[in-house]
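S.K.: Starting off with a structure, shown below.
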Amino acid sequence: MKLSIIVAVICQLGAAAMAYTISEGSIKLNDQSVFFGEFMTQEIKHLSVDSPKDKIEISLQLKEVLDKRPQQLVLVLSSVEDSALAAHFVPGFTSSSEIKFSLPASKFPEVLKIKEKLNLKLIIADPASSGKNLVKQLVEIVPTEEFRATAKYHEKPRIGYKPEIHHIFRTEDKQINAIVPLVFIGGAVVLFLALIGSWFGFIGADLYGALKYTSGGQLLFNIGFLLSLIGYEYNFVQYYLGQSIFTTLFNGALLSLPCIYAGARVLKNLSRSRHAGKF
């Protein structure tokens, strides 16, 4: 057990020795500075961001002199709480293996501006020298309350009770335009008069004289049919004067029974009388 621990420590030290190394450099923010050298402690330094006008100046020198820029050379600014919230920046790289970058605080993503602590990390990787890949925590950025207040992003609660949704519908007008019911009422009256006129056309001018050919029972059906039609007209007019649609449908259903029955008897009698030559 002890031997495995010793081997693991030796492997880690060997990997660290083979990795890219920052020989010297600095990160400056206003009057705050963090310096790097070959003999660096593991302590993470802090830099405070007070204003969107602040600018982080990064200058790092690699110990290794490289012929070309590493395939992956990136600065990562991420949230301490959630490393998935991160922004990536590509720094400059000189022929003398110097990394330089200027990061204005105004370029921070809005979602990171509201975080209390941010990590600034350097990643160097290249397939040609995979054993030397470097992932190094450089500094911890601490946005002040004043700086966080400048963020346009406001985190929304994702879990918990939501405000009750109230649907507000526009109320219907209590009265429609007067011209609408007048048009429909007028149309209904015209149709009613057209019906009476058609009877005169079938029976002739002597409409009342035809009563002598009509039995007492048939006369009741005729009167019932006429009254049901008048009832329909009245029900229709009442609807446009403010009667409920449900009341109108109920009254219409009641009137339909005598209207259909009496109407069928009237039309049947009319047809029989015409064939008999009474009209």
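Cβ atoms are placed via backbone N, Cα and C, with glycine included.
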S.K.: Out of 73-92, 213-232, let me know the one TrEMBL marks transmembrane segment.
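M.R.: Comparing 73-92, 213-232 with TrEMBL, transmembrane segment matches 213-232.
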S.K.: Per-residue pLDDT averaged over the domain 'Ribophorin II C-terminal' (169-274) comes to what?
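M.R.: Averaged over the domain 'Ribophorin II C-terminal' (169-274), per-residue pLDDT gives 77.
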S.K.: Cβ under 8 Å to the transmembrane segment (213-232), counting only same-chain residues 6 or more beyond its ends: which ones?
M.R.: 192, 195, 251-252, 255, 258-259, 262-263, 265-266, 269, 273, 278
S.K.: Using a Cβ-Cβ cut-off of under 8 Å, list the residues of the same chain that are 6+ residues beyond the ends of the transmembrane segment (244-264) and lie near it.
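M.R.: Long-range Cβ neighbours of the transmembrane segment (244-264): 221-222, 224-225, 228-229, 231-232, 235-236, 238.
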